[in-house]
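Okay, so here's the structure we're looking at.
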Amino acid sequence: MGLFDKLAGWLGLKKKEVNVLCLGLDNSGKTTIINQLKPSNAQAQDIVPTIGFSIEKFKTSSLSFTVFDMSGQGRYRNLWEHYYKEGQAIIFVIDSGDKLRMVVAKEELDTLLNHPDIKHRRIPILFFANKMDLRDALSSVKVSQLLCLENIKDKPWHICASDAVKGEGLQEGVDWLQEQIALSNQNDENMRPS
Amino acid sequence: MSSVPMEMKENTVASSKWLDAHYDPVANLYTFTSCIALADLHGDGENKLVVGDLGTGACNMKLKVYRGTGLLSENTLLDLPTGLVSFLMDKHEPRTPAIAVASGPFIYIYKNLRPYFKFTLPPLEVNALEQDVWSQAKEDMIDPMTLKEMLEGIRDKADIPLSVRSLRFLMLEPQDMEEFVNLHKQQPIRRQTVITCIGTLKKNMADEDAISCLVIGAESRDIYILDPEAFTILCKMSLPSIPTMMDVTGQFDVEFRITVACRSGNIYILRRDSPQPKYCIELSSHPVGLVRMGKNVVVGCAQETLQCYTQKGKKLWTTYLPAPVTTMAMMDLPTRGFQAVLVGLANCEVHVYRDKNLVSTIKTPDVVTSICFGRYGREDGTLIMTTKGGGLIVKILKRTAVFEEKDSVPGPPLAQSIRLNVPKKTKLYVDQTMRERENAIAMHRAFQMDLSRMRLAAARAYVKALESSQTPMSASLSEPLKMNAVVQGLGPSFKLTLNIQNTAACRPVMNLAISFLYDEALYSMRTAFFKIPLLVPGLNYPIDTFVECLTDKGISDVIKVFVLREGKSAPLLTAHINMPVSEGLALN
Ligand SMILES: Nc1nc2c(ncn2[C@@H]2O[C@H](COP(=O)(O)OP(=O)(O)OP(=O)(O)O)[C@@H](O)[C@H]2O)c(=O)[nH]1
Ligand SMILES: [Mg+2]
């Protein structure tokens, strides 16, 4: 990064662009979460199941996010892997109320983690245990147990309980993600020969 | 890895197709495939599991609804359910399906899980004589004993069977008869049949969300088709036997086909235009499960077979099963264009058959009594099973699962059925065959004679070897010994190692000696005779000695080794060592 870019970054003139993949089973609330993170004037009123995928953008204090909101329906899940190369971070959304399909979410997560484009990268993964407002929702601890998140050793990860309809729990997750990206940028710069 | 047993391998491969979503061994669900359905009861895109639970014995019959892994609601049922279907009965929004539960002569319709309507099968014709007798009893013209005699007469002769009331009366003890007659004589006699199976048939559109008629099979050997809104009988068809299982396809107003398996062991096919069965399949044993695959019918039979027939009753194939069939269901995945038959077996396995090929085996912790495959929750490929012990198992087909087209049953390999390109018969071959055919007896005799001669020669050689103790195995029972000799070296010095072993179970051997016999012009040995130490059974005793070859002419000879017993001149064992030619030159 040149001095000017850095200066622009500090002054908030030009933000660093980050590509994020938003993954998870259908109906888990991916689109609802992304919608909440957008500026209120750009938010959609009603949310329908995503077909294929859609690209959304939102900004935080230091970063400009480009989100690939993938469809979680079974027949579109094979599209996910085509975007793994571009992704610099992953948001993985789980419906904490859908106990039955927790195994399916785990299966998709394991497939993702073992994919050659992901396996050897230190890509940060943010988990949202969404729909925590539902009466029979599992806690984020239980969700991380069922998905065996403790086995992820070579990637930074974080799980937050969230309620995407009210927007609760989302900020905590995004703050963590921003921090991780900042950290990895520092490392990159430290490693770069000058 | 080759060390993994075949069975385990098969199991891991098969189970890797399915994800274990839920297992509750004490779900307290006792049901059969006919009483279980998946339906979007609330119109929210999330399918629920609806179960007609038979309970334990005569109580606890319930209509249960599951959402995901949990029980959502329960309604008490008045009688044992014989069948349960979900169907759309009207066009009202929201398009939520109704549930029909058949039990006894009734169909209970539930909408939004609340009782909505009760349909009763029309009563059957009552025997006129029976009616007469009862009206006489009503007017006190006859006493209970006469009534009994007259009813017995009717029971034995009449075409139309007696009503349940008369049959119960005939079972009574004489002292209870009076009271029974007084209690019942005022009511009219009714003869009621019961429902044995239930299905649905689209009314006039093939759409997924089209209105459906109910199709019911009754103990009276009739099939009724009911109007979905008015619950009137649209059509009645008769069968030669009592229906027990049914598959319905088509549309009522256009063309339909009802495949009915009957208690007699026959399968009948009914069509829209014919009130009598169009085709009949006579099975060799009783049907236990019935699934239609496209235009064919797959039947699981009591004789541990799975058989496939065309619509017209022609048998296509038979597959033998490892255990009796407990239940069967269809596995249909339209999104992947995959159809198969699920067969629950009494050996705690569920087999997936694609045509006659076993493509997957699922091991279950208990015997499965009901199977249902379809969309549950939001997952299309969900397999639901309930067990004999009341357990509930939910498995989800992996998105990436592929079923090998190939048969995974152990059996003759595929190559066996490939025709070989056998060359044409040559003239020589034909001549030989002719000769063999003509001289068969002479050839056989010549062969037998040569065989006998060879046996004689072999026996003689063996006796000779035994007599001269030329074997490397001792034949004597008191000194069972084994020996082999190894020659090492290039020459002119050779090292000779004799390995001697006492093969007795526990007795040691003592007082043995070894002596060598050789041409002294060719070889010299440092010691040509020595004693052997005590031989402990089972151990190997290597005994080394050195042989010097004296010639440089490149010839070799045999050295004989004898194992001797002290005080006896006949050797116990003899070994002939063929010495190699000395390749080295003596240094001196
Ligand atoms: N109660 C509750 N409902 C939620 C929550 N988040 C999302 N939903 C609802 O869940 C449904 C599905 O949300 P979507 O955002 O479309 O889900 P998606 O993951 O984008 O689904 P696909 O695009 O099909 O992959 C919608 O009806 C949302 O209103 C939540 O936190 N709590
Ligand atoms: Mg979406």
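From the backbone N, Cα and C atoms, a Cβ is placed for every residue, glycine too.
Lifted from TrEMBL, the feature list:
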BINDING   A:Gly24, A:Leu25, A:Asp26, A:Asn27, A:Ser28, A:Gly29, A:Lys30, A:Thr31, A:Gly72, A:Asn130, A:Lys131, A:Met132, A:Asp133  GTP binding site
BINDING   A:Thr31, A:Thr50  Mg(2+) binding site
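Distribution of TrEMBL features across the structure.
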residue	record	DSSP class
A:Gly24	GTP binding site	strand
A:Lys30	GTP binding site	helix
A:Thr50	Mg(2+) binding site	coil
A:Gly72	GTP binding site	coil
A:Lys131	GTP binding site	coil
Query raised in the report: Taking each of the binding-site residues A:Asp26, A:Asp133 in turn and counting other Cβ atoms within 10 Å of its Cβ, which one has the fewest?
Result: A:Asp133
Report task. Using a 10 Å cut-off, grab the number of neighbouring Cβ atoms around the Cβ of A:Thr50 (Mg(2+) binding site), all chains included. Result -> 18
Query - Sparsest-packed of the listed binding-site residues (A:Gly24, A:Gly72) - C-beta count within 10 angstroms - result: A:Gly24
Query raised in the report: So which of these binding-site residues, A:Ser28, A:Lys30, A:Thr31, A:Gly72, A:Lys131, A:Asp133, get their C-beta under 8 angstroms from chain B?
Result: none
Requested in this report: With GTP as the bound species and A:Gly24, A:Leu25, A:Asp26, A:Asn27, A:Ser28, A:Gly29, A:Lys30, A:Thr31, A:Gly72, A:Asn130, A:Lys131, A:Met132, A:Asp133 as its recorded binding residues, calculate the greatest Cα-Cα distance and give it in Å as a whole number.
Outcome: 21
Report summary line: Cα-Cα, A:Ser28 (GTP binding site) versus A:Thr50 (Mg(2+) binding site), nearest Å, comes out at 11
Query raised in the report: Is any of A:Gly24, A:Ser28, A:Gly72 (binding-site residues) within Cβ reach of ligand 2, i.e. under 6 A, and which?
Result: none
Requested in this report: Determine the most Cβ-crowded residue among the binding-site residues A:Ser28, A:Thr31, using a 10 Å radius around each Cβ and all protein chains in the structure.
Outcome: A:Ser28
Query raised in the report: Of all the binding-site residues given, A:Lys30, A:Lys131, which has the fewest Cβ neighbours within 10 Å once its own Cβ is left out?
Result: A:Lys131
Query raised in the report: Distance between A:Thr31 (Mg(2+) binding site) and A:Lys131 (GTP binding site) at the Cα atoms, whole Å?
Result: 13
Query - Which binding-site residues sit within 10 Å of A:Thr50 (Mg(2+) binding site) - Cα, from A:Gly24, A:Lys30, A:Lys131, A:Asp133 - result: A:Lys30
